[in-house]
Amino acid sequence: MQPDHRKKSSVEVDFFTEYGEGSRYRIEEVIGKGSYGVVCSAYDTHTGEKVAIKKINDIFEHVSDATRILREIKLLRLLRHPDIVEIKHILLPPSRREFRDIYVVFELMESDLHQVIKANDDLTPEHYQFFLYQLLRGLKYIHTANVFHRDLKPKNILANADCKLKICDFGLARVAFNDTPTAIFWTDYVATRWYRAPELCGSFFSKYTPAIDIWSIGCIFAELLTGKPLFPGKNVVHQLDLMTDMLGTPSAEAIGRVRNEKARRYLSSMRKKKPIPFSHKFPHTDPLALRLLEKMLSFEPKDRPTAEEALADVYFKGLAKVEREPSAQPVTKLEFEFERRRITKEDVRELIYRESLEYHPKMLKEYLDGSEPTNFMYPSAVEHFKKQFAYLEEHYKNGTSHNPPERQQHASLPRACVLYSDNNHPVAQQSSAEVTDGLSKCSIRDERPRGADRNAQMPMSRIPINVPQTIQGAAVARPGKVVGSVLRYNNCGAATGVEALEQQQRRMVRNPAAASQYPKRTQPCKSNRGDEDCATAAEGPSRLKPNTQYIPQKVSAAQDTAMSRWY
């Protein structure tokens, strides 16, 4: 039976939203599970969109974890931008003072940049340019709000098949104010070492600075170019060795700014190293791209460009118009007053409840007027979802992916945890032994054919969603991989792309589907991929027919490894 897409009256929609939101979302299946709780895909009957509902269990067991959740949902409410993942809704808890779980509705993204890099060995210079452009544009917006992400890495960059990227995971982000101390102790700073700026190596003390995020973006861009991490250090010493092997020994002044004493002594005693020319490290790469990358990877933080300066670089000539790109209003101190004092479990519970009210205007008005009851007089959607989540989670643990009885008749729902570009491929089932727990995000082990090597230490992730297949005469890709240019190739070339991109920049869109347009330049496969990519690379590059139109679909992962991701 087809869903009813008839437009409801405004009165009906308001009532449906406030008092019937349990019927708004049709739960479909479990798409991720971790120590935090469970994530289910769902269908939003209001908008007709696929969404992901994340249930976070026992969030107040540890105040630090609850504070991180509060920080993220608050920042994602304040930072509304096409290059930042969007929270669409937060379900109102059944009780203001006693709730333990929360349900957050995110937009559903198909993959992340980590999977894109693994699955595509024939990304073009246009992909590199457009990916970096989006990252810097989103980062400019974040930094103009005086927010610093602090944990940028490929797995925290979500991706869709139209080459749209979105920054996510703001749990470690911080807001800087004018009276912020010169040195901050990052008690929860556990960001991945590989993307950590050198001034942070071995030290949890650092001043809030945009240069930390710029370094991370540089590492991500370098990984796009080579297909493997640039500085995969095993420990702090190894990390410094890898950095200096490529960038050369830093100056005495730069070493003096490293806060960790042991790291300073190690760098001072290190033999003098000459920097490796970036053209040798990244052969066949646009010199303009390398010049910008070299700036972003400067050892000295003061030598790195800001996101706005990077967008103005000649590398983006004809693509970016910095003056048209949106900036954010600085976040006010009042929003993050809780960061400046010690808060209790009851404090953070009230603050999270207050955040959820932002998505319920009528209840928010009652709350602000002081007329809102502690216990609600209508059934909460949370109670409605608890049963469905429990049913799905039970079958998920048992190695099946059945839908609830009332949903099993719908044959068009997303299937198990592997995404195939070949619709005739049998659907793989997932056993409980394959579930990776204890991750901070939705995590499902991705599977490879037997004999294919994998990095056992790499957390496996991402969930299923239907990726649009190539159309209009697109070249046939190898099984499991959908390929295409950054945007439809046409005779208009780059001019069309700039015009389309300007239109996207001038408006805030919830699900942008347009990227830049320009002719595709053929790029040979990367030959220096890591072992984990050998099985994919062995199949050979996909061949694209010349002068053919194709839509942008570089995101889909290789056969048996593709996962989509919630958010």
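Glycine is no exception: its Cβ is also placed from the backbone N, Cα and C atoms.
Taken from Swiss-Prot, the feature domain 'Protein kinase' covers 25-316, and the record attributes it to sequence analysis.
Annotation for GLY37 (ATP binding site): same-chain Cβ neighbours under 8 Å, separated by at least 6 residues, are LYS54, LYS55, ILE56, ASN57, ASP101. Taken from Swiss-Prot, the feature ATP binding site covers ILE31, GLY32, LYS33, GLY34, SER35, TYR36, GLY37, VAL38, VAL39, LYS54, and the record attributes it to sequence analysis.
The active site, proton acceptor annotation in Swiss-Prot covers ASP151 and is backed by sequence analysis.
If you look up Swiss-Prot, you'll see THR187 (among others) marked as phosphothreonine, on the strength of similarity to another entry.
What Swiss-Prot lists as phosphotyrosine is TYR189, and the listing cites similarity to another entry.
Summarising the annotation, Swiss-Prot assigns phosphothreonine to THR192 (among others) and lists similarity to another entry as the type of evidence. Sequence-distant neighbours of THR192 (phosphothreonine) (same chain, 6+ residues apart, CB-CB distance under 8 A): ASP151, LYS153.
Here Swiss-Prot flags 428-455 (among others) as region 'Disordered'.
Annotated compositional bias 'Basic and acidic residues' per Swiss-Prot: 443-453, in sequence order.
Positions annotated as region 'Disordered' by Swiss-Prot: 512-567 (among others).
Under the heading compositional bias 'Polar residues', Swiss-Prot lists 545-567.
Averaged over the domain 'Protein kinase' (25-316), the predicted model has a pLDDT of 90.
Across ILE31, GLY32, LYS33, GLY34, SER35, TYR36, GLY37, VAL38, VAL39, LYS54, which the record gives as binding ATP, the greatest C-alpha separation is 14 Å.
In the three-state DSSP classification, GLY37 (ATP binding site) falls within a strand. The number of other Cβ atoms within 10 Å of the Cβ belonging to LYS33 (ATP binding site), over all protein chains shown, comes to 23.
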